[in-house]
């Protein structure tokens, strides 16, 4: 009774035993994971299970599985949402908030430092050389991610394959991402697999696209209209990241490059490369993009706006997830959205490859990256990116001077 414990009765009626760890211990664990956790969302989720469920036994396997299911069901980067949910299990809103910040903060600070270096030294040969190699390797990495996601999530379902191929085509042709197609895909699968009564009676509603805000302004450190625009755009982007953080890439490209012209193609590919060489969630690349657009304020606004939907989509439904999370309509909706997101990722690989594969050496580097990742399953992306950077440092000066 001497140490206060948070209430532990869930909305679903189950009662957790008192936690065997302090909130400080949990926050420090996620601070360390955010600093050293390379390998992408699947690897990060695996680390959490290994450490928190198996080794430390702070979290039960049932709670972990519920968090993983919610992270797959709701919009938001999988690893960040799972971390937030695990913080919520015993320490509710305070735990979810502190864990979320601790998990994201290390990689955010890293991309800020890389953003400063990119702006400060971007015109120098060595910086151009690094990204010459890394940009090509990133194409190979994303291609393998798209392949694995397609194989795992689309499977043999003909309707999901239809949605997937439509989104690939739309992304390649328009070189942008139409947000409402994600929702339309989810509703289509929902209505097909688990149609509501009113639909079976022959009634149908129409769906309308929600346009993105118009582009405006030049870069300015404290340009409030620009910062507001950044906030609105990245909040929308954060709301359409299903499963893998890579799902945000085509959406960002459509807004940041094609519509708003905040960055050019090369800068955008470099931003994706930064996400690959830093630990923590891939989505943190938004901090790098925000820094290039509007300095430190832009980085802070972009990161906060992107992760706010992730946080809300985890904390708000958490008490009710046990009761409603396995409804056929919800599961069908998520399958549709996931197929659409993976199709957009695959289309983005093609779009970005046209910008990053500029000659025979970069084409070979991308192909070698794909071959290595297929051959050596445990080979980490940061190792590949580091090797590509070294190749770029050697090859770029020889080929361009």
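In case you wondered, yes, glycine gets a Cβ from its N, Cα and C as well.
Feature annotations, courtesy of Swiss-Prot:
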{"type": "TRANSMEM", "residues": "26-46", "note": "transmembrane segment"}
{"type": "TRANSMEM", "residues": "67-87", "note": "transmembrane segment"}
{"type": "TRANSMEM", "residues": "93-113", "note": "transmembrane segment"}
{"type": "TRANSMEM", "residues": "124-144", "note": "transmembrane segment"}
{"type": "TRANSMEM", "residues": "172-192", "note": "transmembrane segment"}
{"type": "TRANSMEM", "residues": "214-234", "note": "transmembrane segment"}
{"type": "TRANSMEM", "residues": "237-257", "note": "transmembrane segment"}
{"type": "TRANSMEM", "residues": "272-294", "note": "transmembrane segment"}
{"type": "TRANSMEM", "residues": "299-321", "note": "transmembrane segment"}
{"type": "TRANSMEM", "residues": "330-350", "note": "transmembrane segment"}
{"type": "TRANSMEM", "residues": "356-376", "note": "transmembrane segment"}
{"type": "TRANSMEM", "residues": "379-399", "note": "transmembrane segment"}
Same-chain residues near the transmembrane segment (356-376), Cβ under 8 Å, at least 6 residues beyond its ends: 132-133, 135-141, 143-144, 269, 384, 388, 391, 395, 399
When counting Cβ pairs under 8 Å to the transmembrane segment (379-399), the leader among 124-144, 172-192, 330-350: 124-144
Positions on the same chain near the transmembrane segment (124-144), where near means CB under 8 A and six or more residues out: 117-118, 246, 249, 266, 269-270, 272-273, 276-277, 345, 348-349, 352-353, 356-357, 361-363, 365-370, 373-374, 381, 384-385, 387-397
